[in-house]
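*Asks:* Supplied in structure tokens, the structure appears directly below.
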Amino acid sequence: MSSFRSHCPHLDSVGEITKEDLIQKSHGSCQDCKVRGPNLWACLENRCSYVGCGESQVDHSTIHSQETKHYLTVNLTTLRVWCYACSKEVFLDRKLGTQPSLPHVKPLHQIQENGVQDFKIPSNTTLKTPLVAVFDDLDIEVEEEDELKARGLTGLKNIGNTCYMNAALQALSNCPPLTQFFLDCGGLARTDKKPAICKSYLKLMTELWHKSRPGSVVPTTLFQGIKTVNPTFRGYSQQDAQEFLRCLMDLLHEELKEQVMEVEEDPQTIMTEETMEEDKSQSDVDFQSCESCSSSDKAENENGSRSFSEDNNETTMLIQDDENNSEMSKDWQKEKMCNKINKVHSEGELDKDRDSVSETADLNNQETVKVQIHSRASEYITDVHLNDLSTPQILPSNEGVNPRLSASPPKSGNLWPGLPPTHKKVQSALSPKRKKQHKKYRSVISDIFDGTIISSVQCLTCDRVSVTLETFQDLSLPIPGKEDLAKLHSSSHPTSIVKAGSCGEAYAPQGWIAFFMEYVKRFVVSCVPSWFWGPVVTLQDCLAAFFARDELKGDNMYSCEKCKKLRNGVKFCKVQKFPEILCIHLKRFRHELMFSTKISTHVSFPLEGLDLQPFLAKDSPVQIVTYDLLSVICHHGTASSGHYIAYCRNNLNNLWYEFDDQSVTEVSESTVQNAEAYVLFYRKSSEEAQKERRRISNLLNIMEPSLLQFYISRQWLNKFKTFAEPGPISNNDFLCIHGGVPPRKAGYIEDLVLMLPQNIWDNLYSRYGGGPAVNHLYICHTCQIEAEKIEKRRKTELEIFIRLNRAFQEEDSPATFYCISMQWFREWESFVKGKDGDPPGPIDNTKIAVTKCGNVILRQGADSGQISEETWNFLQSIYGGGPEVILRPPVVHVDPDAVQAEEKIEVETRSL
């Protein structure tokens, strides 16, 4: 576990040893009890050749350490090293470039003075980096028996009505892809952002899953950090576990996200829309993202890499595809109701839209499909020709830009000769470009939890289809009532359509009488056998209700942009991409103005084999649609008070445990199935992926001599170990666009890469593809020069701004003020202070400006700041943009005669 790496003072006592020595010893037996492997331990003390058994037997290796004071020992199966004196795992590293001449005879370690090398960028751009033994991270399924019994069963203490947090943390902790990332790639939990939630979460996971774990821990640091950012969780009142999950995952994503730059050609046939204001019709309301599809900016502009092609017949005749689509469409009324019911989620959340980018494009063809891609704060609306659905093209728009407001390009004159040549003038946002760069962000959170939904609305008059892509992190499913179940179960008929606003039993408007009757009904239901009331609600029923098709007619007609009228329509919804871990939220709570209610209906859910094939889009590339349950969060009590617990399956021994704050108890599968589920975590199931991991694990024992060694991303290896579909090998997280290591990552390159033997690389590459192949690590000289230029630019811009602003503050009565958007200024400030690596785009004052009588004035209540004319000219000469928003203080004209009269009166008064 790389997360436990630290300096061990006993490393100096290790003798010289080779892999061949360890392999030979692994075929032997314990020198005391003659027990053979696996899991024998070899002493690493210099000139000591002792081999003993582990805790699964008599544990002679520990006895040997106590008697001889030989503290370091290596497991001959996993090649992990343990220090008895430090009671922790240690790592034996060596430097790059010092490989022996015979690649098949390599020392397992070359000890460094401080355990981990401190990086400085050398002048010859040769990267010296410790090499972590690959065996530390590719022991896929080999674990010691003592670890199987102990790890991951640590409770969490309640620190004041925090059972909601404890249950959520335990549920996440038992999601192997996320937990293994923090345990195996802990060095990547780096952030300069406060309150550094990822570091607190890393510390918590280390405590929960450490071999020497305590009975329970107190998650104080993590909780304090979340309360600092989100005031919803301050105080000691009971909160919602689902809200906490969303907040935590959003924070982790923000701190761990990495930007991926993509360059696209701008087809000249696509024209940018001038404004989005003209499109605020009823269809815009229809496409508002529901709470269940609360997208993060984690995978912004993912449409660039995700195909959602549909052939012409399927797209144009969507309404006729009844047999396969009758239960795979979502009710748009439920979308709006979702937002209303869960409005509380958005009130306490963070500013999640700072990475959102609005893009719009039009193809002026007769038959087009409107594609609307949702982000947190903006919608992506594109008209795509039916024949081009397989390759959607997106173009930046000037959303919200008033065409009457001018945005000036950078001034051509060199107003600031002192600026270095790195201050290249940027192009105006409105100027045409041949190529553009999309800002796309990814993190371990988006890799694991993000999926994509396709919503389609078809006009029944002109057959025009509007397609909406939404990125979801969880699915919020309604719990259907008895009448809704009957409709769902009878929907096999092609024309059977679930009415808008279904699941009325759960979400119909309630008054005080209905509220009282609901409680009476629940009491009666609890006293009468379930067979008396009808069929049991299953998770498949909830999914079918969520994806049910909806007929848009009457008061709920569809505003067709082609017909320019309200028309009858039909809406469908399917999943384009399933996430590796599917988070399902059952909507048990309904919040009204004066009171809240809870739906206590039992929902039956499978522990294994959840089949989501009926809800998958036809053209989806997803191959695995079967899920197994990992954990479930349960709520006991009413809407106003109650208690949260979690049932989790331990990934090491496949047993189920109940996590009730600091109490951890083993339970049966029937106990889990009878639970009142609130949030469920399902993981993709793939026997083929498990076989592939076992095959690669077996190859480690072959030890074929090779002349080349390959470097591979730790993050991708974590995917290979824990994902059902890891995807192509991606080494871009430690490489720049030039193929070298970025200078800023040189200091911790050992946390990013591992060295693979050639036979392992060949097998992985032939199976998954991707790359690029890397045999040599070096610091990129080009990036180093660019980084130095950027740093010099930051320093120069900051110094000039401070000087100009100081002069502006000393002015008594400036004649003019220039207003600047604080949103843009904050981005610029983050850049010059080194918090953001990329400079901001052109100055964008469109949100603070308004045009009246042909003059550009400041919008009332706008988020703006005031700077001097010199400061404006300085920033505008570098970044361009606009428009200019100028404030001129009113000038008071004083009558000279009145002034003389006042002076005369003052003189006479003094004389008296």
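Yeah, the Cβs are placed from backbone N, Cα and C, and that goes for glycine too.
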*Asks:* Would you identify which residue of His27, His70 Swiss-Prot lists as part of the Zn(2+) 3 site it also attributes to Cys43, Cys48, His64?
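*Replies:* For the Zn(2+) 3 site that includes Cys43, Cys48, His64, Swiss-Prot also lists His70.
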*Asks:* Which one of these stretches, 403-433, 465-495, 837-867, shows up in Swiss-Prot as region 'Disordered'?
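*Replies:* Here Swiss-Prot associates region 'Disordered' with the stretch 403-433.
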*Asks:* For His70 (Zn(2+) 3 binding site) and Cys53 (Zn(2+) 2 binding site), what Cα-Cα distance in Å is obtained after rounding to a whole number?
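*Replies:* Pair distance, Cα basis, whole Å: 15 Å.
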*Asks:* What's the CA-CA gap between Cys53 (Zn(2+) 2 binding site) and Cys86 (Zn(2+) 1 binding site) in angstrom, rounded?
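*Replies:* For Cys53 (Zn(2+) 2 binding site) versus Cys86 (Zn(2+) 1 binding site), the Cα atoms are 20 Å apart.
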*Asks:* Given the binding-site residues Cys33, Cys43, Cys48, Cys83, Cys86, and counting only Cβ atoms in the protein chains shown, which has the most within 10 Å of its Cβ?
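*Replies:* For the binding-site residues Cys33, Cys43, Cys48, Cys83, Cys86, the Cβ with the most other Cβ atoms within 10 Å is Cys43.
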*Asks:* If we count other C-beta atoms within 10 Å, could you say which of the binding-site residues His10, His64, His70 has the fewest?
*Replies:* His10
*Asks:* Taking the centroid of the Cβ atoms of Cys43, Cys48, His64, His70 (Zn(2+) 3 site), which other same-chain residues have Cβ within 8 Å of it?
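*Replies:* Neighbours found: Leu44, Glu45, Tyr50, Ser65, Thr68, Thr73.
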*Asks:* When you average the Cβ positions of Cys30, Cys33, Cys53, His60 for the Zn(2+) 2 site, which other residues in that chain have a Cβ within 8 Å of that mean position?
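*Replies:* Close Cβ neighbours, site residues excluded: Ser29, Gln31, Asp32, Lys34, Val35, Leu40, Gly52, Gln57, Val58, Asp59, Ser61.
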*Asks:* Which number gives the other C-beta atoms within 10 angstroms of the C-beta of Cys30 (Zn(2+) 2 binding site), all protein chains shown included?
*Replies:* 22
*Asks:* Summarise the zinc finger (6-109) by DSSP state, stating how many residues are helix, strand and coil.
*Replies:* 20 helix, 23 strand, 61 coil
*Asks:* Take the C-alpha atoms of Cys43 (Zn(2+) 3 binding site) and Cys30 (Zn(2+) 2 binding site) and report the distance between them in angstrom, rounded.
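*Replies:* Cys30 (Zn(2+) 2 binding site) has its Cα 12 Å from the Cα of Cys43 (Zn(2+) 3 binding site).
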*Asks:* Going by C-alpha distance, which of the binding-site residues His10, Cys48, His64, Cys83 is nearest to Cys33 (Zn(2+) 2 binding site)?
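*Replies:* Checking each of His10, Cys48, His64, Cys83 against Cys33 (Zn(2+) 2 binding site), the shortest Cα distance is to His64.
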